[in-house]
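J.: Below you will find the structure I want to go over with you.
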């Protein structure tokens, strides 16, 4: 008897509004509607399928099993007329494709191509280093009043420092003459090379203002002549200092034995930065120092005003203001390291969802903006940069900020099926730690206070351990990957879900303004996983707590 194995999932994603799902398998690709759930389009042999909202335009990339379906070829398809609009071939395999109503962005391993989606004209090319995971995000809002940004991880930077590499954090600032110079804006025809700490812009051997670099060279020669006189004077001083340097060399050896570097420099690799690129002006705007470790996931909000990031460690999630680069929220996803698969903002920027290898989806509420000084804003070190022996780890990992306390004035909903001893202990620990947060924040220094202000999740739910999807596409170590998105706010009849609404809680603040007092406003959260399952959960925006599973479908057998 032959066993009919389900196809391997190569790609799965939501569209910009979360109303549709695109999935590509070895057997082809399909487009599903989320509400009501159902398939409405399918074709074969594609590895990437990107939608433009709910329009008939699709950007697809071949699976590579046939010459006509190369992984280097991007094809724009009109699903209404079943016609090919255009095809573009690139020098290497395509890792990701992102679209909004003005721009199309294609990510290769070491290049990013930006097109005008209206006429498919190439506007700009960005040279970068290897981005194997295809981590990239663009803002999707079609409104001209909203920002249109591209965000992607910055290439690693190697810097020389007297501080040993195992003692460094991500907020080291190296004073250099080049850092004080202001870079000119980029021309749309220029390429951007992010190398080291500077942005190199070259166009036909001329500077951006069109003047030849030779004029600048003449001025530099005059400065060099003046500097020669100073160098001669310095040589005399250096000769006098040779004797004292010999004495310092013997002292530096003793410092090196104790782990402190004296005069020798060490090379430090600086990771965890994110580059913001303006898709309208075609200019990079800033580099945000997000984490100490490499970036694992990032996303821009729908209106392009917020950026959320997570590192490979996965314990801390940070949210930044795109205009200023300031860190405005810091959330603690968990205590133990895990791989974060995706981050997603709600359309109104009130919630942020994170999926990870732990199979628990965490929802954070973006309420009161965190008050940070300029020094604290640069203090983006992860938890392991502090000595856990100096801090009660049970208190630190469970503290919540005042912004969460107000939103949890009502007891959150608790799913009785998830009741465990560990959850009971964690809940009591969180209640005690919230009461101590204010006092501890005043006692500990600034670096520790930055950790104390990290907020825990507002709501969460655990994905089912088994599903009916049957897909065999998994992540590293056999983990099932998942991505999330928020739907539009809906109204539900509370009498149909007594396990959520009828637990003796005061729900009058969440009752709709309509005449029917049973209607409740709820926030849908949609999840698709690499095993071929689609989950539809709802979140109580006032109480939080455990989310309720409304429906579940297989996107492979439908």
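A Cβ is built for glycine as well, from the same backbone N, Cα and C atoms used for every other residue.
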J.: With the ranges 400-432, 433-465, 466-498, 499-531 to choose from, which does Swiss-Prot describe as region 'Disordered'?
T.: 400-432
J.: Would you please say which range out of 316-320, 321-325, 326-330, 331-335 has the annotation motif 'L/FRRG motif' in Swiss-Prot?
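T.: Feature motif 'L/FRRG motif' in Swiss-Prot: residues 331-335.
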J.: Can you tell me how the residues of the repeat 'WD 2' (290-330) break down into helix, strand and coil by DSSP?
T.: 0 helix, 22 strand, 19 coil
J.: Quick check on the repeat 'WD 1' (4-42): DSSP residue counts for helix, strand, coil, in that order please.
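T.: Summed over the repeat 'WD 1' (4-42), the classes give 0 helix, 23 strand, 16 coil.
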J.: DSSP-wise, what's the residue breakdown of the repeat 'WD 3' (335-374) into helix, strand and coil?
T.: 1 helix, 18 strand, 21 coil
